[in-house]
Amino acid sequence: MRHEFKHGIVHCGDALAVLREMPGESVDAVLTDPPYSSGGLHMAARQADPADKYQHTGAIRTYPPMLGDLKDQRSFTMWATLWLSECWRVAKPGAAAMVFSDWRQLPAMTDALQGGGWAWRGIVVWHKSGGRPMLGEFRRDAEYVVYGVKGKRRATHRRCLPGVYRYPINAGRKVHLTSKPVELIKELLYVTPDGATILDPFLGGGTTALACMQTGRRFVGVELSEEYCDLACGQIRAAETTMR
Ligand SMILES: C[S@@+](CC[C@H](N)C(=O)[O-])C[C@H]1O[C@@H](n2cnc3c(N)ncnc32)[C@H](O)[C@@H]1O
């Protein structure tokens, strides 16, 4: 199912299936936050409900189930390599790829990015504060954005961007179990040209689409969960109304 908006398109379906139907060299950048399949060393811990894996014990807010989060390490890396190579085909030469990861999946994601054909150019740190405290160990209060380029990078402006961004999670604005702050996504979009078309094959509650709309860019989003697809489309429609 495909939903068209003034500023972009949302496909409700499986990312790999939708990507395979997209024309080559048709987007200016990829910015996405896939399911991490993280959360533990052993199968039982990984296969726990994402709501238990990614929320503090005692959290009372509930969200629709997040799909596709139960892969083991090898299948996660192979699957991520598959969709990243499709993203590479769909991206224009010089396009940037920005893919969220947590500390545990970072090595798998940097391998998958390179396996998918992208030239790995660095890691951006998202200091989200309030992350899980660890008795006698380092607090896990950061996530990462693996950054790569298709071929030769073309600078779109002459600003030097930071490598660390501090944006707290605003629980009141979350519509998804793992919603990212819109302001953070807007900052990341600075590596893309004005008016760019941004592909997010794991759209969730629609954060990337909202950031694109607020920065004069277009979006192509894909989301497997019907509930999240409806939520994302609702958010986009509401934003369109306020922009009129
Ligand atoms: C980490 S969340 C993205 C959250 C998003 N960044 C936001 O701020 O709302 C990943 C999303 O990918 C979706 N997903 C999982 N497997 C998928 C697949 N094969 N194709 C498309 N979407 C998928 C999940 O349902 C989930 O909503």
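Cβ coordinates come from backbone N, Cα and C, glycine included.
Here the structure is a predicted model, which means the values were calculated and not measured.
On the 0 to 100 pLDDT scale, the model's mean across the domain 'DNA methylase N-4/N-6' (27-154) is 88. Per TrEMBL, domain 'DNA methylase N-4/N-6' is recorded for 27-154 (among others).
Look at TrEMBL and you will find 170-232 (among others) tagged as domain 'DNA methylase N-4/N-6'.
For the domain 'DNA methylase N-4/N-6' (170-232), the number of residues in each DSSP class (helix H, G, I; strand E, B; coil) is 28 helix, 10 strand, 25 coil.
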